[in-house]
């Protein structure tokens, strides 16, 4: 278990001590998606979902989730985020409506924001599902994945085009 930083000498979980790490700018981008039927797509676009503006509420949920990631993920450090942005893009093909979600997170600190970006993308997708499930419970969420991250000891990461979903 030597290779895992989240275990102590007894093999039990611990939160990693980051006090000696350098303060640097850290960024991360994660993506998710929600596949919906035509009725849901048209109602979201037309502002006809009874619970309200789906994309506005989902966007706020994503920002809130990023800010509260350490409450959800046990070994995540509480971070002071300097920016969170949630964006949407529709992909429409014949009888196929896919809402692409991108969550970008930024901080200046001692640890990265990958989990915050992934949590934001996930919570955004879950909120879309929650607000539309009365119409169709067959929506499909995902895949959810890290696109890129910058900063830190381990350097930058960018998912290759062959790894992209």
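In case you wondered, yes, glycine gets a Cβ from its N, Cα and C as well.
Sequence annotations record features per position, and here Swiss-Prot assigns active site to 130. According to its DSSP assignment, residue 130 (active site) is helical.
Residues or ranges marked as substrate binding site in Swiss-Prot: 75, 76, 77, 115, 116. Residue 77 (substrate binding site): 16 other CB atoms within 10 A of its CB, across all protein chains.
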Under a three-state reading of DSSP, tell me whether residue 116 (substrate binding site) is helix, strand or coil.
helix
Among residues 75, 76, 77, 115, 116 annotated as binding substrate, what is the maximum Cα-Cα distance? Answer in Å.
12
Could you state the whole-number distance in Å separating the C-alpha atoms of residue 116 (substrate binding site) and residue 130 (active site)?
21
Fewest neighbouring Cβ atoms within 10 Å: which of the binding-site residues 75, 76?
75
Which of the three DSSP states, helix, strand or coil, fits residue 76 (substrate binding site)?
coil
